[in-house]
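**Student:** Sharing the feature lines straight out of TrEMBL:
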COMPBIAS  336-347  compositional bias 'Basic and acidic residues'
REGION    336-365  region 'Disordered'
TRANSMEM  45-63  transmembrane segment
TRANSMEM  83-105  transmembrane segment
TRANSMEM  112-134  transmembrane segment
TRANSMEM  140-163  transmembrane segment
TRANSMEM  175-195  transmembrane segment
TRANSMEM  207-229  transmembrane segment
TRANSMEM  241-260  transmembrane segment
TRANSMEM  306-326  transmembrane segment
Amino acid sequence: MQTYLLSQQFNARSLAENSTACPANATICNGTSCVLPEDNFNKTLSIILSTVLTIMLALVMFSMGCNVELKKFWGHIKRPWGIFVGFLCQFGIMPLTAFLLSLIFNVLPVQAVVVLIMGCCPGGTASNVIAYWVDGDMDLSISMTTCSTLLAMGMMPLCLFVYTKIWTDSNAIVLPYDSIGISLAALIVPVSFGIYVNHRWPSKAKIILKIGSIVGAILIVLIAVVGGILYKGSWIISPKLWIIGTIFPAAGYSLGFFLARVAGLSWHRCRTVSLETGMQNTQLCSTIIQLSFTPEQLELMFTFPLIYSIFQLLFALLILGGYRVYRRYRVKTKTDVEKTEEKEDSKSTSSHAKINGGFVSNETK
């Protein structure tokens, strides 16, 4: 009897400990893993940070616009071969890659859907900043981001309808057209002002561009850090999603570069298309899944956009670092060759001058 009472007391203590391990207001509980509802403080903080980051992002895009020449930008619109290649990468390669990765790793249907949503999202504005740092074609980069965001209003429903039929009804996915519209406006308006400033005051535009490129690099890292801090609750996510989140952006960068090269684009445009393909609008993906799925489903998928965001930034920084090392070596080598050629030219010119009584023609000067 005494043993029975001790057992009952132990069970009561265990229940009490379990009840304190998972708060009473948790929406999902799985042992010590809980998803908590968003409290008012976190909601207010999220709104404030979102507002600040949006303003900063608009200023960065304004500075990126200061590197865009109106004639070249309009040339991409009139002869949209580069934009068309980017379109094939954005809404052809990425959704297909997401579909194949979901099949290969045999993830749960709800997890396959979030991978596909990520693959169907338009390019993110961070790609414009990275494209600047790798000496990409800024006119093409901004025109691709603008066009992919605009075309996403029609292409996202089409791609989701085609690829998600084997897992879920595409009508169950809510597309936030207002968020897409806001993203488009936040891109077009500041870039337009930047193009105007570059047209009227080119010298001032260069100064704005240098400042904005540095701020933009800091902002990209800041957004990733803030996204991690604002995550409420902790839960175990499938290792398969971690693997997909690692492979997916790397595949996007690689396949985008390969297709652009096959299409005959120049090297700097290949780098641009590669970045536009691999860097997705992860904020839009997060918004879509929050609007479309229940808290129980979110437990299985909500972390994926953050995983993708982290690895797309990591691979972009590796690309940037690799390009900078290559560029430094190439420029150094090229400079040494030019100096050698200049010395040889000066020697031949001086010897030619001695032979001709000190006369040097204007062509050799």
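Just so it is clear, glycine is given a Cβ too, placed from its N, Cα and C backbone atoms.
Not measured: the values here are computed from a predicted model.
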**Student:** Sort out the residues at least 6 away from either end of the transmembrane segment (112-134), same chain, that have Cβ-Cβ distances under 8 Å to it, and list them.
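**Tutor:** Long-range Cβ neighbours of the transmembrane segment (112-134): 57, 60-61, 64, 67, 86, 90-91, 94-99, 101-102, 141-142, 144-145, 148-149, 151-152, 155-156, 159-160, 163-164, 167-168, 173, 180, 183, 186-187, 209, 213, 216-217, 219-220, 223, 241, 244, 248, 271-272, 275-285, 288-289, 301, 304-305, 308, 313, 316, 319-320, 323.
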**Student:** What stretch in 83-105, 140-163, 241-260, 306-326 has the biggest tally of Cβ pairs under 8 Å against the transmembrane segment (175-195)?
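**Tutor:** Looking only at 83-105, 140-163, 241-260, 306-326, the most contacts with the transmembrane segment (175-195) come from 140-163.
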**Student:** Same-chain Cβ contacts of the transmembrane segment (306-326) under 8 Å, 6 or more residues past its ends?
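**Tutor:** That would be 118, 126-127, 130, 133-135, 220-221, 224, 227-228, 231, 237, 241-242, 245-246, 248-250, 252-253, 271, 274-275, 278-280, 282, 285-286.
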**Student:** Six or more residues out from either end of the transmembrane segment (83-105), which same-chain residues have a Cβ under 8 Å from its Cβ atoms?
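**Tutor:** Same-chain contacts beyond the ends: 76-77, 111-112, 115-116, 118-120, 122-123, 140, 143-144, 147-148, 151, 155, 159, 162-163, 167, 240, 243-244, 247-248, 251-252, 255-256, 259-260, 263, 265, 273, 276-277, 280.
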